[in-house]
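Have a look at the structure below, then the notes.
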Amino acid sequence: MKQPARTSQVKKPAARVKRKTREEINQEARDRKREKKHSGHASGSRANPATVSQKGDKSQSVKDPRIGSKKAIALGTDAPVRQPANPVKAAKPAVEKKPRLTPEEELAKLENDERLDALLDRLENGEALSAEDQAWLDQSLDRIDVLMEQLGIALDDDAEDEKAEEDMYRLLKGSHRTPE
């Protein structure tokens, strides 16, 4: 098969662009440099800012862009105390902070807790506890263990003390026999 001839492939000569001379290129570069030099703010623009007129706020004084205040502050003790324009409202105590209990007080409080006693009695009687009650009971018992450990109290502390005293007494007496 023969390919059809394409007539659109023939390129037409484009219009020639006139090349700039070296003098024209240099002049354009100088113009760009001159414009670039004057692109910043005018001298003194920070100290004397241009005022932008606003339609609604004509009564408002011009605000100083610099940080700080120009108001005089009385340094003497006889200066009158000024109240702020918007007095600060006292914050409402949403939740009063409970006074922090010492470990001894917290342990005594937990040992005298009626709910804890009732739940322990129910467990001793073989009753099943709800998941919520069981979780609270476990948490309370864990806290009691932590407090007792902090205070150096052990459950069988008394029996060990008596045994240790007997051993010390026998060592001091010179009797090396072991107790029966």
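Glycine too: its Cβ is placed from the backbone N, Cα and C atoms.
The structure displayed is predicted, hence computed values, not measured ones.
Annotation source Swiss-Prot lists compositional bias 'Polar residues' at 1-10, 45-54. According to Swiss-Prot, the feature region 'Disordered' maps to 1-102, 158-180. Feature annotation from Swiss-Prot assigns compositional bias 'Basic and acidic residues' to 21-32, 55-67. Annotation comment: Swiss-Prot describes 84-93 as compositional bias 'Low complexity'.
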Exercise. What else in the chain is close to the compositional bias 'Basic and acidic residues' (21-32), if you only count residues 6 or more beyond its ends and a Cβ gap under 8 Å?
Worked result: none
Exercise. Helix, strand, coil residue numbers for the compositional bias 'Basic and acidic residues' (21-32) per DSSP?
Worked result: 11 helix, 0 strand, 1 coil
